[in-house]
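Record features (Swiss-Prot):
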- 175: active site, proton acceptor (ACT_SITE)
- 294: active site, proton acceptor (ACT_SITE)
- 123, 173, 177, 295, 327, 379: substrate binding site (BINDING)
- 201, 203, 204: Mg(2+) binding site (BINDING)
- 3: N-acetylproline (MOD_RES)
- 14: N6,N6,N6-trimethyllysine (MOD_RES)
- 201: N6-carboxylysine (MOD_RES)
- 334: site 'Transition state stabilizer' (SITE)
């Protein structure tokens, strides 16, 4: 008998294929404080039991493969395997389940969202035994959170840098998103900031195209920024998009923004990737830059209810990887986002601790210990009539960003900015006086428009604009 054969025999190796549930379905398991916990929405193929489907997810996203291998005997499966420890049927669905999986912390590299996602949302999402699979939520243990830097600065440090308190911050994405020359782009930035906005923003599509190279844009926008600051006496910012084709080029652009004295840069964190984003977040903390995050490509991942990954998971991943702002939908604008679900992940971004709350789609209690919070950004199809609802929904610790709702003003960019600033201050004052923004919002805007011709003009041009379509991703409810 060869030594190799003896080794196989000594560990009781038996070739073949066995059901995943024999090893990876463990309903008696009690999750540990150090485990990463995942809630998967699993839709098995017809004839596949829920226990087998949940166990398959646990196996294929941790130590398992399709057949027994003799090298299993060279390690401790019980120490490293993922475990499906609980299964709940989804209300109103005949063949859909929420499967809870616990992963030992040793499966993941410290401080790496990239490695965490490679395992948990890797090849298992193409597994043939499943018709569809969606990651609904993660519980990140404190022991793992402490291996990440997190946001470069956080909410309080940003407010101190800007010297702005007691209200949401106001922003604007420069439009048209593509095609402007750097000089005309800088002009629009100046007009918006001069009119009263706190920030202007590069569109996520704007990197360094032939019509406007990044260095030219940075120079003209910096000039606009300083001119507006000098004339208003307020600290202003422009989100310089540092996203690039390589990490080296991305850092070079961030360095140039810092040399210009810019307070903030921007990154498209999903198209750019988590490794690039974490690298940029570390640079921003070391060099005093705020980091604005755009979520371009998120709907490819999170919009379908049965397959992919919910945005609350992407939001948690961003808080680990690092960002001071992130786009989070609007509830009332042109982009997808149900109110309760949106408020659920907004709290996950900002708060130190969130409890399980099925009414908002939160599957796990999550503690962030000392990790700084992230400002949610409401952006996409919003205008002055939305200001009361946005102020009431998102509160002070947010950025309200009006692109077309600023540059689409009939009198020009600066009057559009004035209209938004006046509307915001009216809503904040009314709220502080105890008025109900949800019920009295339209009245509050009309009252203030009597004293602001810019606001009155904006109210007139957008009075009929609504985006009333049903949300695709909604909370689970029993069918009647």
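Placed from the backbone N, Cα and C atoms, the Cβ positions cover glycine too.
Here the features listed in Swiss-Prot are placed on the structure.
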{"residue": "123", "record": "substrate binding site", "DSSP (3 states)": "helix"}
{"residue": "173", "record": "substrate binding site", "DSSP (3 states)": "strand"}
{"residue": "201", "record": "Mg(2+) binding site", "DSSP (3 states)": "strand"}
{"residue": "294", "record": "active site, proton acceptor", "DSSP (3 states)": "strand"}
{"residue": "327", "record": "substrate binding site", "DSSP (3 states)": "strand"}
{"residue": "379", "record": "substrate binding site", "DSSP (3 states)": "strand"}
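Between the C-alpha atoms of residue 177 (substrate binding site) and residue 203 (Mg(2+) binding site), the distance comes to 6 Å. Cα-Cα distance from residue 173 (substrate binding site) to residue 203 (Mg(2+) binding site): 6 Å (rounded to the nearest whole number). For the pair residue 204 (Mg(2+) binding site) and residue 294 (active site, proton acceptor), the Cα-Cα distance reads 7 Å. Using a 10 Å Cα-Cα cut-off around residue 327 (substrate binding site), the recorded positions 175, 201, 203 reduce to an empty set.
Across the structure, residue 201 (Mg(2+) binding site) and residue 175 (active site, proton acceptor) are spaced 10 Å apart at their Cα atoms. Residue 203 (Mg(2+) binding site) and residue 175 (active site, proton acceptor) are 8 Å apart (CA-CA, integer value).
Checked against residue 203 (Mg(2+) binding site), the recorded positions 123, 294, 295, 379 differ in C-alpha distance, with 294 being the nearest. Residue 379 (substrate binding site) and residue 294 (active site, proton acceptor) are 10 Å apart (CA-CA, integer value). Close to residue 295 (substrate binding site) in the fold, though at least 6 residues off in sequence, lie 268, 269, 270, 311, 314, 326, 327, each with a CB less than 8 Å from its CB. Residues 201, 203, 204 make up the record's Mg(2+) site, and a Cβ search at 8 Å around their centroid adds 173, 174, 177, 202, 205, 206, 239, 241, 266, 294 from the same chain.
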